[in-house]
Amino acid sequence: MARSAAAKAASGRVSPPLPPNPAPTQPIPGTVSTSSKNKNKGASKRPHDYTSEGVADNDVFLLPGSDYQLLLGITFLAAAVRLFRIYQPTSVVFDEVHFGGFASKYIKGKFFMDVHPPLAKLMITLFGYLAGFDGNFDFKEIGKDYLEPGVPYVAMRLFPAICGVLLAPTMFLTLKAAGCRTFIAAMGACLIIFENGLLTQARLILLDSPLMIATAFTALAFTSFTNQQELGPSRAFSPSWWFWLVMTGLGLGMTVSIKWVGLFTIAWVGGLTLVQLWVLWGDHKNVTISTFSKHFLARAFCLIAIPVAFYMAMFGIHFLCLVNPGEGDGFMSSEFQSTLNSKGMQDVPADVLMGSKVSIRHVNTQGGYLHSHPLMYPTGSKQQQITLYPHKDDNNLWFLENQTQPLGADGLPINGTNAWNNLEETPYIKNGAIIRIYHVPTHRRLHSHDVRPPVTEAEWQNEVSAYGYEGFDGDANDFFRVEIVKKKSKAGVAQERLRTIDTKFRLVHVMTGCVLFSHKVKLPAWASEQQEVTCARGGTLPNSLWYIESNEHAKLGPDAEKVNYANPGFLGKFWELQKVMWKTNAGLVESHAWDSRPDSWPILRRGINFWGRNHRQIYLIGNPIVWWSATAAVVIYILFKGIAVLRWQRSFNDYADPVFKRFDYEIGTSVLGWALHYFPFYLMQRQLFLHHYFPALYFSVIAFCQIFDFVVARISALGLKKNPLIGKAGALLFLLISVAAFTLLSPLAYGNAWTKAECKRVKLFNTWDWDCNTFLDSYEAYDQLANSPAAASPTSTSKPSVNVQAPVPAENPVAAGEQAKAPAVEQPKEKVSGAPAAGEQRVVHTEERVEYRDQDGNLLDMEQVKALEGKVEFKTRYETRTRIIDAAGNEVFVGAQEGAPVPVAPPHPDVEGVDRETPKNLVPDESIPAAEKSVEGEKEAEGKVPKPASESKEKTAKEEL
C-alpha cells in the first residue's frame, strides 16, 4: 500500500538532496510538498519520522499470483535460451583452459595459485565431480577434445548456465522491488535473456555468470531491504527487514568470494547504507541514540561480519581441498609450503658452523634454492652454471668453509672438507665473516667475476658461476662476506650469527663488492629454464636476501638445538594468499590480442574472440540495442541531475514533487551502482576485457527500465500514465527489436553455422573484428562439409602467440614436388575428437619463411618493414604448420577456413583482448635502474600460467595461409 502525506511547508528555497537523493526522511527546510490521499484516511500531514514519500510496500513475497506465473514463464524462457545446444563446442573454449584446469587440480588436491577467490571454481568442481569427473583431463589448450576422454564438460558448463538462467527472474524481482510495473519488469528480464554477451559467458566454464547472479542477488536483496527501510519505523527490525538485510550480507559474501569485482558491489551497498544511517541520525525526534545504535550494529553485523565470515570460509574449504604440492606452491612462502603434504621437513640444527653442509634459499622469488649442476654457460666465462631451482635436490647442497683451512696442532692447515669436524671448538659463522661456498656434488666453489651474465647483460650485474675442481684451493673470487640483515632476522642470537631459517643475510662478493642476487628472469633451455642468479651492484634488498633451510654438521648431534618453520595457521595462510593474489593481479599488465579499455565498453566497440573451428566461431559481443539503450539511460540521468542542480540553485521547487524526488533517488541509486562498477577500471593498468563491464551493464539496464517506468506510468505530465496500452506497446516493440538484434548475432554466441553474407550484413563497424571469411557461402555448403570424408581428417596445428603484434611465423608446408610421396591420411571411424593417431602421418618436407604483420594481422611488404624499423617494436613468434595431402597428392583442407581468426586465451586470469591503448609497462618485483632493466623472459610467463592455444592452432591475427 502506498504511503503518502503532505510535507511540512515553510519559506525559503529547497535544499538539494545528496546524490543520489535518499528520499528525505525528515522535513527539509524550505520544502513545499503536494499532498496525496491515503486509502484509509483523508489527507494527513507527513509523519515526523524517516518514512519516505511516494514509497509503496514492494515486498516480492507479496506479489499477485499472475506475477509468479509470469516469473515462472520467464525462467523457462531463460532456460531454453541458455541451455540450447550447450554441448557445443565439444572442445575446450577460451578460458575453460584455466577454470576447467582448476577443477582438475581441486579433485587431485594439487595446490594452485589463482587471482580469483574460490567460490565459483569450487562449484564448477562440484558439478564436475558429481558427474563423474576424475580430474585426469588437463584442459591444456583451446580446442582440446572433450568427447574422446569422456569429460563431463556439459555438467561443468551447467553451473554457469544455471546462474545465467536465474539472472532473468532475479532482474524481474529486482524491478518489482524497485516499484516498476509488471510488464516493465518482464521487459527488463527479457533484455537479460536476449543479451548476447551474457548468453555467451553463461554457456561456458567461466566465472562471469556466477559473478553476475551473485551481484544481481545482492542488488535484489538490498533493493528489498531499502524498500522496507523507507516504509518507516513500523518496519524496522521486522522479519522482512531482517531477512533482506541478512540476504544482502550473504550476497556480498558470495560476490566477493567469486571475484574481487565484488568489492565494487560492497562499495555500492556501503555508500547507500551510510546515506540511510545519516538520515536516521537526522530524525532526532523518533530515533534515539539507543535505536540508532541498534540500526548501526545490525548493519555492521549483516553487511560486514557475514560477508567476511563467508569469504574466509570459502578459503577454508579451498585449503582443505588443496593439500598436495602443485604448480602454484612456488608463489607461496616456505612456511606456507611446509603445510602441504610432503613439503614439510624435520627439525634441523639451529646453529650454523664452519663446515656445515647447507641448502640456501632465496627470500623474495618464491624461495628457490641456490643450485648448480654440471652444465656450462654457453657464453661469458663458460664456467659451470649457477641457478635458482624451486625443488629440493642434491644439487642444492653447499659446504660452508672459511677463507683459509683450519690449523692443526702442528700449525699446519688441515685439508679436506672434513677438516672442520675434528676441531675442539668449531667456530660459528658470525656477521661479517668471509667464507667460501663449496658445491658438494660437483666440487666447485661459488664464484663471481667482472663478466656479464648470459641473459641480463647489464653493467651493474656480474656473472655467477661454479669454478674449480676437487682439491683445488680456489682464488680470491671465491670469497663472499656474510652480512646479516638484522631487521629481517629473528630477534636475538640470529641477528649476530647465522642460524637456520631465522637469519636473513646477504652474500657480498669481496673482490667486486656486488651482492648475490636473483630475480624473475628465466634462463634459456640450455639451463633447463631455471631462474637466473647474478651478482648485482646496487641490487634491491628483497632480491639479495638469503637464508639457510637445511643444515648438517658432524658436531651438531641429536641434542643440538633444533628449529623448523613456524606453522602459519589458517589466518597466516589466508593473509599471505591474499597478498600474493593482489600482487599477481596487479602484475597482469601486458597487452593481449583481445583486450580493450573501459571507454570502449559502453558503446560496445569490440568483442572477444573465444573459439573457431570448422567454419564456425564463438565471439563475445553484446546485444547493441540493449547496450546502447542502457548507456543512453545513464546519460539521461546525468543530464537530468545536472539540470536539477542548476534549477535548485535558482530556487526552483522541483524537489517538492514526490515523483521528482523518487525519480532522482531510485534511478540515481542504479546509476551509482553502474558508476561504482565501471569507473574504478580506469584506475587499473592490468589487462581489461569487455566482460569486466557486465556488472555495470546490469545496473544500467535496471536504470533504463526504471526510466521507462517513470515515463509511461508515473509522470502524469507526459500523458502516458492514463493510457497504459501505449506503454505496453512501446515495451513490446522495444523488446521485439532487441530480440531481432539478438537473433542476428546469435550464431556467434552458439557457434552455429553462418554464411558470409549474413555475417557481413550485421557487422556494422570495423571494430567488430570477427572475420566473416571464416564462414561458408551457404548453409548447403555446411551440409556438404559434414558429409565430406575430408571433414573427418585430422590436421596438425600450431600454437598462436598471445601478442598479435609479433612478426610472423615460420611455416612447414609439404613441398609441391613431393606431394605424391605423401601417404593418404584416413581417420579411424571410432575416433571422435579428430586427433590423429600416432604414426598415421609423416613429415615429407619442411620449409621456413619469415613474415611481418601489423597488430591487425595484415601482411607487410619489405618496404613497409624498412619504413617501420626504429619506430616500432617487432616481436618474434614461431609457428609450425602442416599441410595434409591425400594419396593423389591433392591438399586436404580441414578445420578452420583460411584466414579464420582463432582465439587466444589470455594469461590467467580473465578473458581476452589487445588494444593499443593498453599500458605496456610492467610491474617489477624489484626496482632496477631504468636504463639497465633486466629483461623478463617469455619462458617465465609460460612457467607461471598455462598458455592455451586454439584448436586449429592458427594465429589469432587475421591472415591468409
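The backbone N, Cα and C atoms fix where each Cβ goes, glycine too.
Of the given residue ranges 77-95, 115-133, TrEMBL assigns the label transmembrane segment to 115-133. Same-chain residues lying 6+ beyond the ends of the transmembrane segment (260-281) with a Cβ under 8 Å from its Cβ atoms: 18, 20, 22, 24-26, 50, 115-117, 211, 214-215, 218-219, 222, 226, 229, 248, 251-252, 254, 287, 291-292, 295-296, 299, 303, 307, 585, 669, 672-673, 676-677, 680, 692, 695. Beyond its flanks by at least six residues, the transmembrane segment (205-225) meets 58-60, 94-96, 99-100, 103, 116, 119-121, 123-124, 153, 156-157, 159-161, 163-164, 166-167, 170-171, 173-174, 177-178, 198, 240-241, 244-245, 247-248, 250-252, 254-255, 258-259, 261-262, 265, 269, 272, 673, 677, 691, 694-695, 698-699, 702, 911 of its own chain at Cβ-Cβ distances under 8 Å. Counting same-chain residues at least six beyond the ends of the transmembrane segment (301-320), those with a Cβ under 8 angstroms from any Cβ of the stretch are 117-119, 122, 245-246, 248-250, 252-254, 256-257, 266, 269-270, 273, 570, 573-574, 577. Of the Cβ pairs linking the transmembrane segment (696-717) with the transmembrane segment (153-175) and spaced 6 or more residues apart, 3 or more are under 8 Å, so the two regions touch. Per DSSP, the domain 'MIR' (349-403) is made up of 3 helix, 29 strand, 23 coil. The recorded stretches the transmembrane segment (182-199) and the transmembrane segment (729-750) share 3+ CB pairs below 8 A when only pairs 6 or more apart in sequence are counted, and are therefore in contact. Sequence-distant neighbours of the transmembrane segment (237-254) (same chain, 6+ residues past either end, Cβ-Cβ under 8 Å): 59, 61, 119, 214-215, 217-222, 224-225, 228-229, 262, 265-266, 269, 294, 298-299, 301-311. Within its own chain, the transmembrane segment (729-750) has Cβ neighbours under 8 Å at 84-85, 88, 183-184, 187, 190-191, 194-196, 199-200, 203, 616-621, 623-626, 629, 708, 712, 758, 761-762, 770, counting only residues six or more beyond its boundaries. Averaged over the domain 'MIR' (349-403), the predicted model reaches a pLDDT of 91.
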